[in-house]
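One structure is given below, encoded as structure tokens.
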Amino acid sequence: HCDGVNLTCEACQEPGGLVVPPTDAPVSSTTPYVEDTPEPPLHNFYCSKLLDLVFLLDGSYRLSEAEFEVLKAFVVGTMERLHISQKRIRVAVVEYHDGSHAYLELRARKRPSELRRIASQIKYVGSQLASTSEVLKYTLFQIFGKIDRPEASRVILLLTASQEPQRMARYFTRYLQGFKKKKVILIPVGIGPHANLKQIRLIEKQAPENKAFLLSGVDELEQRRDEIINYLCDLAPEAPAPSKPPQVAHITVSPGISGVSSPGPKRKSLVLDVVFVLEASDEVGEANFNKSKEFLEEVIQRMDVSPAGTHIAVLQYSYTVNVEYTFKEAQSKEDVLRHVREIRYQGGNRTNTGQALQYLSEHSFSPSQGDREQAPNLVYMVTGNPASDEIRRLPGDIQVVPIGVGSRANLQELERISRPITPIFIQDFE
């Protein structure tokens, strides 16, 4: 069609007059991974239902680049609180402006940490417009064109901060009707003073589940995140019970969220062999080391530590590696916590991270130290300084989650250690 001086070609129309948009493939290829090797939840509060969830991100200039970074952080933080799997929650992420750019597709068989990494690297566009109609058309035909998981709920989280020109919105209502026919729930999140309230109200009128969240700006996203997750999680059905005993010990209900009457998402207790590694160098100091211990206690309190559930081992390291607790010792929460409280700071003038990782690879995760062959191997490493020695690649069956603390933590080094899992960075030991 002709729009002013611009001639635009479109794909042929589907029955009913709707135009099928061209396919825009995700930015990254889909690398398979083993679904049965779990990545542990990063937060106590998270959702584990049958859900296909699509994030639509406004890429217009109405959000500054800094504000768009906050928007991305909200998406990544939400993903951290979802049980992402082809068997549970699948996610797609699309940035929209005058067109639509898919960064993640529902069928992407990647580790959750890799999906979050891709989402965190979405480029800021800052275009003059962001067409809600175009991205809804894209989602209707390209993402939900074929319903391959009818047992799962289908939800779109529309993160919008701008208004499209009226000429682009002529089929807006028709797309909404298409979603209703396919039983797709559309949750608009209006951000800031320029969000299109008229379109948001139209979305709400289509179905009672299409609840809108109106925010004064991106700074409210984090405050409302758990409320939004809780709402969309309640829209989805429970996953069916497994036909044979899985690696999950049991399911417990997490604490409810204040101000929300419906039950919250659920938390799994995984069967894991977990080694906690704490830096205890002179650079860290005794006071900060003790804060690392307090953090360790809080994490263990939330775990299902038991003979049949999660097993814990603890190391501290600096110039040398000190073994504080092994998998062979009593695996009850009370015993582990008592020993953690008794750990004494060792100090040392080096940060031999490579030596610590080599030790746990060769010794901690060995049958002689109580490692279980059927349990996934996970490492949480708290460090605040660059390694003093060489770090060698660990076997593929050991997943390391580094927690870098303070300005001296080496980003590139920790990313190499953790790949494909994204390291966690915090400002200080407080």
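Just so it is clear, glycine is given a Cβ too, placed from its N, Cα and C backbone atoms.
Among CYS12, CYS47, the cysteine that Swiss-Prot records as disulfide-bonded to CYS233 is CYS47. The Cα atom of ASN290 (N-linked glycosylation site) lies nearest to that of ASN349, taking the recorded positions CYS47, CYS233, ASN349 as the candidates. The DSSP secondary structure for CYS233 (disulfide bond) is helix. If you take the Cα of CYS47 (disulfide bond) and the Cα of ASN349 (N-linked glycosylation site), they are about 44 angstrom apart, rounded to a whole number.
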